[in-house]
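> Dumping the structure here so I can ask a few things about it.
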Amino acid sequence: MSSPGNSGVAIDSTVLKAIELGTRLFKSGEYLQAKRIFTNALRVCDSYSQEQIMRIRNAYQLDTARPDNKRLYHPRYIKILDNICACYEKLNDLKSCLDVSQRLLKLEPGNIKCYIRCTRTLIKLKDWKRAYKTCSRGLQLCNNDSNHLRQQKQFIKNNMVQKQDGKRSYIDPLEETKIAKKKKNNNVLESLPKKKIKGSTKKTDLVGNLPIEILPIIFQRFTTKELVTLSLVCNKWRDKILYHLDCFQEFNLAPINFKNFVKFMDFLQQNFTRTYRKYILSQVKVSSRITSEELRITQLLFSKMPKCINIERLILSMPTLTTTQIFKLMVRGGTDFFTRLLELSLMITYRPDKQHELEILQTCPLLKKIELIFVNSLVPIFDGNNSVGRDGSFNVMARHTNMQISTADNDEQGIVEEKVIYSELEKITLICDKKKIKNFPLCRALLRGQFPLLQKLTITGVTFPMNNQDIMNFQWLLNFPDLKELWIEDNDNCELSKFLQLLKFSNVWKNLEKLTFRENKLYPIVNLDEDQPVTNDDEVPSMLFYKENLQNLEKLDLMGTSISGSALTRLCEQEYLDGRKLRSLNIGNCPNIQFPNNHAHTARMILDVNAVLKRLSKLEEINLSHLSSLNDSTMKSFIINVPFLENLKRLDISHNFEITGISIYEFLKKFQMDHDNEAGGQPLAYLNIDGCSQVSHITVNMIRAQNLVTQVDCVYERDVWRKFGINSYSYS
């Protein structure tokens, strides 16, 4: 269409701008505002006189003839009405939309688009007869050449057939004539639409109709909770799901009251005992919602568990039950429940005057992993003080431990006779709340080497007895040469210096891969130079076993210990640590590790960053959190040695309050430039700067924008690094 001439532009500009603005609002989803603009534009068009409209139509080179003095309309009048109709449709005002669309049909009966919109509106109003008439008239006008109208007509016919229900339906004479001619010429009976609809709307019940052999493959992808929810859909689904009981692998009943736990046990009894086969549950987790019901729930679990069910992993959280109560319930419930138990986790109360934790292990002959979390301690009444947490109770508990250890030392023959070997146990996790427990559970068994195949050992929150030097000096670790992971954290009377003495003079392990040693307070500074024996140079290498014990380490965590910077430097320089294998190093919160501000490495607390990073070039993770000497000045030593960090992926420098964003940005920029690949600089995978108050959020946003780090954790108000069960086993 040609553009309007100058004579009509001045008059028509208001309408054109209104149409442009309304269209823009419509596309942006502002349908109500767009409708108002189009309505105002329509009023402007109606306000024009016939002479003005004739000038505008002349400007658009349109016909201006007025046969029978009929009214002329603005060239955009139909367009504006159609836009108003579209706005009403989007606003779901179907009645107004129908009124406008019918007005359009009167003004321009040959516009197929108007028939499509009017039919669609009538369909939404479920006025099937009027919709059918309107659609048929539109198809007559266009000689059945509109796909939209044909689809609408078929849709209307289908819905009219569904709504018949024996009532008289609307018959179109034109359509009936066409159908009669087709039947006469082709002599073929067309299939009834009702049959087609029945076939097309037939629903498929996947769970109910699929072969029973395929259902386990589908059910295995659902959790137990999801399977229980699906079983409530209908009885057919319930029967299908309960037929495949092998799909129930885990039950998480935390927390639960006794009434619901009885229902759970009834569910197991009714469904799992129908056949004579065995079922294996990978995990059952139980904790009581009400403290007073812990004993009843545990008793019911141990005594009423069906014999056809074997549990591989049992997690039991009953803080008020003692080791003595648990053991007695296990004995009363029978041994069938525990004969095939592979993993056991107990959160209970410790009895320092008994050794029932060992009897619990004896009840589970195939146990491979044991996790004991002691949240409280219960002392006998005859000791005069059974309140946990006061000094008197701590002294009583300490006397019990000392008495047991001294008895074990003085009666070796009796120990040999009573010694029980737990030949299947591979992992022990012992976690105590040291505020309430002043003992070392399992110390007798550790001293006597009753776990010959132990590979993973975690000890947290215990108190090493002062009167037993074998425990204080870690001599009991000699009983576990196959240990692969050792985690010692937050224990009283537990010193790194004595631990290193053992590694120095004894070949303890064959293949230790992960070592975590964290002290709970600051002990005298650990310096390997002072610990060296005064001997001839030829004899020194044969007496030191640091390398034999530490050469296979993949992870070393000395966070919060008294180790000095020179000691860690010596471990690397003497190649006691194998830089080709070590992947993770954590020296956070070590106050005796200082970084050099100059090139003079004389103080024993100074860590030679160049020597350490040069020999530990395969490091993938470094933790430098809570280091008082880490600031912008000392950070330069890491920036200089970035070329040695070619494999670094994760860096934690959180809770360093003096470091600023400038040095962090320089380090990351240097790291990216020195680790180029084909696609450009390689960014660091993870950076943790939680609690670094001097780092601006602007710097953090810049680091993210320039893709210097894939993931950044930056929470300014976070004041705790430790997360129980994630990076720490310290219960407190």
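Just so it is clear, glycine is given a Cβ too, placed from its N, Cα and C backbone atoms.
The shown structure was predicted, so the numbers you read here are calculated from the model rather than taken from an experiment.
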> Looking at phosphoserine as annotated by Swiss-Prot, pick the matching residue from S136, S393, S542, S637.
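In Swiss-Prot, S393 carries the phosphoserine label; others show none in the record.
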> If you count every Cβ pair below 8 Å, which range out of 78-111, 113-145, 550-574, 645-669 shares the most with the repeat 'LRR 2' (480-505)?
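Stretch with the highest Cβ contact count: 550-574.
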> Helix, strand, coil residue numbers for the repeat 'LRR 2' (480-505) per DSSP?
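Across the repeat 'LRR 2' (480-505), the residues distribute as 10 helix, 8 strand, 8 coil.
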> Taking only the residues in the domain 'F-box' (204-251), give me the average pLDDT of this model.
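PLDDT averaged over the stretch: 78.
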> Please count the residues of the repeat 'TPR 2' (78-111) that DSSP assigns to helix (H, G, I), strand (E, B) and coil.
27 helix, 0 strand, 7 coil
> Against which stretches of its own chain does the repeat 'TPR 2' (78-111) lie, if we need a Cβ under 8 Å and a gap of at least six residues from its ends?
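For the repeat 'TPR 2' (78-111), the sequence-distant neighbours (Cβ-Cβ under 8 Å, at least 6 residues beyond its ends) are 15, 19, 22-23, 26, 31-32, 34-35, 38-39, 41-42, 45, 117-118, 120-122, 124-125, 134, 141.
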